[in-house]
Amino acid sequence: MLAVQNTSRQFLSTPLVCHLSRRWKFKKKHFQTSKKLGPEVRALQFFDRYYSPIFGKQWPSIRIALLSRPKYCALVNNLSRSRDDIIADLSSLGAYDINRPKKKAPKKKKVKKDGYEKDNEIESHEEAALNEQTSEISERRNDMDSSLSEDNTHSDTEERDDVDIHSDSEDEDIYSGRVGQVINMHDFIPPAKVYTQDELTLQTQQEQSLPVEDGEEVIQIIPRRDLKIPPELRVHIFPKRNVSTFKKPVGAGYYLMDAASLLPVFALSLTSNCRVLDLCSGPGGKALAMMQTMNIEQLTCVDISLSRLRRVRSVMDRYLGGVGHIIDYHHMNGIRWVAANPDVIYDRVLVDVPCTTDRHVLSPDEEDSIFKPARTKERLQLPKLQQELLKSGMQCCKPGGAVVYSTCTLSPGQNDQVVYAAIMDLHHNSEMQFVIEDLSCLVDAFRNVYYFDNHCKYGQLVLPHLAANFGPMYIAKIRRLN
Ligand SMILES: C[S@@+](CC[C@H](N)C(=O)[O-])C[C@H]1O[C@@H](n2cnc3c(N)ncnc32)[C@H](O)[C@@H]1O
């Protein structure tokens, strides 16, 4: 302001050092007030930028669900001596078995109430619980939003020591699948344009020799009328809109987990005497669910993290006791493990890859979040790692067998695009042939339990929703032909 009022002569005669010091003082003040963004705030900021154009009007609802308490299911332990009592107890609480849904009650007659009609009325205790949850959420959301708005007050040109600006622009690729463009998930983006600039150059070259139509012809999606879900799986949940919670189990009667995590196990359609590989096994929820189908002849659990593999083992020991001898554990990189065992093949392979874990990264309690600036490079390389893990899983699946790929992220770049890239890679570099199995039958069977997105091309995606707060969970099923 002073400089503007001064004549140019006065301005020129003003010592330069004075101007520099004023500028410096301003910057110092800015640095003093700027707050370091926590990884959970960085994650929310990224999600807002990249998921909002993808999910459009649905994003606010997904966002609030991601920030609120998740809903769990109780997976009943078939090996527990009090199994039947446990099932009876869970039912008496109002929970039902999703594998044995009750027939729909006839619609309530519309009743006029307080001047307007209510058809499906939320029971008062549910309403109270929802209200309680909503105020908890809005408190948390306000905290995060205030951090975001504080951050947004910085102008783009100001220097910032708290955010890795370079990584931000690269992240655009992870969430949109394109660089610098707002995309619509409904237009499927081939994985040739993902993430870092280096990868972009490399993959653009590949893309030139691989027109998209080629990919669409190569990747066949075959329909399935139904999917055999083992009736032994006893999974209890509270109905939609009922936000009651299960008590933490005292013994090993049931196991609490996100009900969406059962979908990869359902999709495996485990029939009797299956030999199964769980390539990214820790902490072991899905491995336990697989064992509960009572259809496993042998289960191989691999994980790169020793502590997570130990968790799998302790869960198995606690819930399965003596039956655990059919499980073998390998502390190793899944890609290396498959390469080191070229002759070992499986009827079914689960590739439940590491991903951005969209719900967990929004929790301030998340230790070692993938959104920490120190882990940016690792985060950007996730799709490549996911693709390699999926290819490894596909290679050790027997002809006629099936691979299920799953993640707990909403990102198309870690979901459909990884499936596409892995199939195309093996199509061009091996003799193996694969088809995608359409999982619409799973959606039809469970649309009363989960909210599904209907825009994925190869897999299915469970969207978090306050009334059924499961997921996110993406699943795709690939069958090996030869
Ligand atoms: C999403 S979690 C798997 C969850 C697990 N399937 C369950 O149901 O509990 C991903 C796991 O992959 C493991 N992981 C990461 N990179 C890996 C790799 N290259 N090979 C094998 N496991 C890996 C992580 O340690 C982590 O335990």
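Using the three backbone atoms N, Cα and C, a Cβ is placed for every residue, glycine included.
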Write down the one residue from ASP343, ASP347, ASP352 that TrEMBL lists together with CYS280, SER281, GLY282, PRO283, GLY284, GLY285, LYS286, ASP303 as binding S-adenosyl-L-methionine.
ASP352
Mean per-residue pLDDT computed across the domain 'SAM-dependent MTase RsmB/NOP-type' (175-481):
88
Quick one: largest C-alpha distance among CYS280, SER281, GLY282, PRO283, GLY284, GLY285, LYS286, ASP303, ASP352, binding S-adenosyl-L-methionine per the record, in angstrom?
13
Nearest to CYS408 (active site, nucleophile) by Cα distance: which of the binding-site residues CYS280, GLY282, GLY284, ASP352 is it?
ASP352
Give the sequence-ordered set of same-chain residues, not counting CYS280, SER281, GLY282, PRO283, GLY284, GLY285, LYS286, ASP303, ASP352, with Cβ within 8 Å of the centre of the Cβ atoms defining the S-adenosyl-L-methionine site.
ASP278, ALA287, CYS301, ARG308, VAL312
CYS280 (S-adenosyl-L-methionine binding site) has how many other Cβ neighbours within 10 Å of its own Cβ?
22
